[in-house]
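Student: For reference, the structure I am asking about is given below.
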Amino acid sequence: MVLKVFFPSCCSSADSGILVGRWLAEQSSAVVLAVVHFPFIPVQVKQYLGEVQRVTGVSLSVLGSWSNSKQEKEEGLSEFLEDLGTIFSHEPWIQISKEGDSKFWSCSTLRKRSSSPKEEEVILVYYDQRKVMLSHLHPPLDTADGRAEDASKLSAIFDTVARSRVLFMTDRYDEGPIKLTHWQSEGVEASIIVELLKQASVPACMLLTFLLSLVSGICRSRVLKFWPLSFLWSKLSTCEQLGHRLQHLQVISSDKKAQTQTQLMRKANIFVSLLIDVALGILLMSWLYRKNRIGHLADTLIPMADRVAEELQDLLQWLMGAPAGLKMNRALDQVLGRFFLYHIHLWISYIHLMSPFIEMILWYVGLSACLGLTVALCILSDIIALLTFHIYCFYVYGARLYCLKIYGLSSLWRLFRGKKWNVLRQRVDSCSYDLDQLFIGTLLFTILLFLLPTTALYYLVFTLLRLLVVIVQGLIHLLVDLIDSLPLYSLLLRLCRSYRLAAGVKFRVLEQQDGKPLRLLMQVRP
C-alpha cells in the first residue's frame, strides 16, 4: 500500500511541531496544510481545529509530527513527538523529519491499532500552497474513466487547500496560543485599498442594481413598443450597444454569487472590459473637448458631405453618357440619371439646412463618450449611416428595379416556352397560350431584355457604393465586438498569474534513494 503525503514547500524550514491537515482515506493521501509549533496545549489545538472545521466544512485533524533536526536541541524531542500520537490518536500517525542539511527526508508511519503492522511505502509530494489555493482544477468531462478518476483525486486536494482559506488568516503578528507555519505565516497578503473597495462595493452595487432595475423597467415599458420607437431601437446600433451594456451591468451588479469558476471568470472579464471601455471613452472625450476640436470637426463635415455629393453627381453624369464605351438605352438612362440627381439635390439642401446645428449636435454627441468608447463608435456608425442615407436609397431603388426586371424576364421566359408557374402546387406546369398572348409576351420580353443592361449597370454601381459603406461600418462594429468580447482579465491572468488558469499538474522527481521516501514536486500547469 502506497501512502501519499502532500507537503507544502513553505513549511520545509519550519520549526518542529505537529502537522495539521486532512486525511483522504479513499485515496490513502494526507494533505498537510500547516505546522503547529511548540509550545501548545493539545486541547486548544483541538478547539481551534473544530472552529475551523465548522467554518470551512473540511474535516481537519492532526496528522502527525514534524521534526527539523537542524533546529533540534533537545535529545528527547523525537520521543515526545512520537508520544503525541497517543494524545491526538490519528491512524496512521505520520512522522516526517528533516535530517540537517541532507536532501533526503525520513518519513514513516505508525499504526498502533493494527494487529500486523506492515511497512508502508511513502511518497512525499511537495506543492506550492499559494498557487494550489488560488488555482482551480476541475476534472475533465470528455476523458476516459481512468483519467477522469485521477483528475478528480487531484481536484479533491486542490479543493481541500482552497476551502481552508480561514486557516491561513493568521500570521506571526497575531497574538494567540497557537503559532502556525503556512504560506501566509510571514504576513497575510492584504491591501488597504482592496479592503476599502470591498466595503464600498456593497452599497455601490445596491444603488447600481436599483438604477439598473429602473432603467430596465423603462426599456421594457410599452412606450418603446410603438412603431417609431421600436423601429429606431432595432435599427440604431447605439441603442443595441446600450442594451448590451445594460445586460453586462446587470450581470456585474447581481447579488448572486458565482457558483462556478466559469461564471466568476465571465463576471471578471465583463468588469475589466467595461472599465477599459469607459476609460478609453473618457480619454476620447477629453481629446475632443480640447483645443476646440469639435468645432473643427463640424467645419470639416459640411465640405466633406458636399465633396461626396459632387463625386456622386459626376458619377451619374458619367453613367448618363457612354460609361466605359457601353451603349445604354438613352431614354431610360436619362430618366434614371435625373431621378438620382434630384435625390442628391434634396440631400445637399438637407445638409445645408442642418449645418447651423451640426456643431451643437456633435458637442452633445461627444458627451456620450463617457459611457464608453464602444458607445461612441456606435454613434459614429449611426452618423455614417445617416450621412450616406442617399446612397442606401440609390441601392434600394436600383435593387428593386433590377429584381422586378429579373422576375418579369423569368415569367415571360416561361410564357415564351409554353410554361407557367403553378402557385398552388409550387411548381412549373405546361400551359397553352393564345397567339395574342404569345405575341405580347414576346414583345415585352424583348423590351425588358434590351433595358436590362442599363438597369444592371446602375444596380452594380450603387451596390459597390453601398458595399463600401457597409465595409466601413463593419470595421467599426468589429472593433466594438472586440472590446466587448475580448477576455482581458483572462489574458492578464495568463500573463501575470498563469497558475490561476490551471489546466492540470505535472510531477517532477526531485530525489530518489533506497530506504528513503520518493520525493516529487507537483507543479501547476497553466
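Glycine is no exception: its Cβ is also placed from the backbone N, Cα and C atoms.
Dumping what TrEMBL says about this protein:
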| type | residues | note |
| --- | --- | --- |
| TRANSMEM | 200-219 | transmembrane segment |
| TRANSMEM | 270-289 | transmembrane segment |
| TRANSMEM | 335-354 | transmembrane segment |
| TRANSMEM | 361-388 | transmembrane segment |
| TRANSMEM | 394-416 | transmembrane segment |
| TRANSMEM | 437-461 | transmembrane segment |
| TRANSMEM | 467-492 | transmembrane segment |
Student: The transmembrane segment (467-492): which same-chain residues, six or more beyond its ends, come within Cβ distance under 8 Å?
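Tutor: Beyond its ends, the transmembrane segment (467-492) has Cβ neighbours at 237, 241, 244, 265, 268-269, 271-273, 276-277, 280, 373-374, 377-378, 380-381, 384-385, 388, 391-392, 501.
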Student: In terms of Cβ proximity under 8 Å, which residues at least six beyond the ends of the transmembrane segment (335-354) contact it?
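Tutor: Residues packing against the transmembrane segment (335-354) from afar: 302, 305-306, 309, 312-313, 316-317, 319-320, 389-390, 393-394, 397, 454-455, 458.
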Student: Using Cβ atoms and a strict cutoff of less than 8 Å, what residues sit near the transmembrane segment (394-416) while being 6 or more residues removed from its termini?
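Tutor: For the transmembrane segment (394-416), the sequence-distant neighbours (Cβ-Cβ under 8 Å, at least 6 residues beyond its ends) are 339-340, 343, 428, 433, 437-438, 441-442, 444-445, 448-449, 451-452, 455-456, 458-459, 461-463, 465-466.
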Student: Which sequence-distant residues neighbour the transmembrane segment (270-289)? Criterion: at least 6 residues beyond either end, Cβ under 8 Å.
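Tutor: Residues packing against the transmembrane segment (270-289) from afar: 245, 248-249, 251-252, 297, 366-367, 369-376, 483-486, 488-489, 492.
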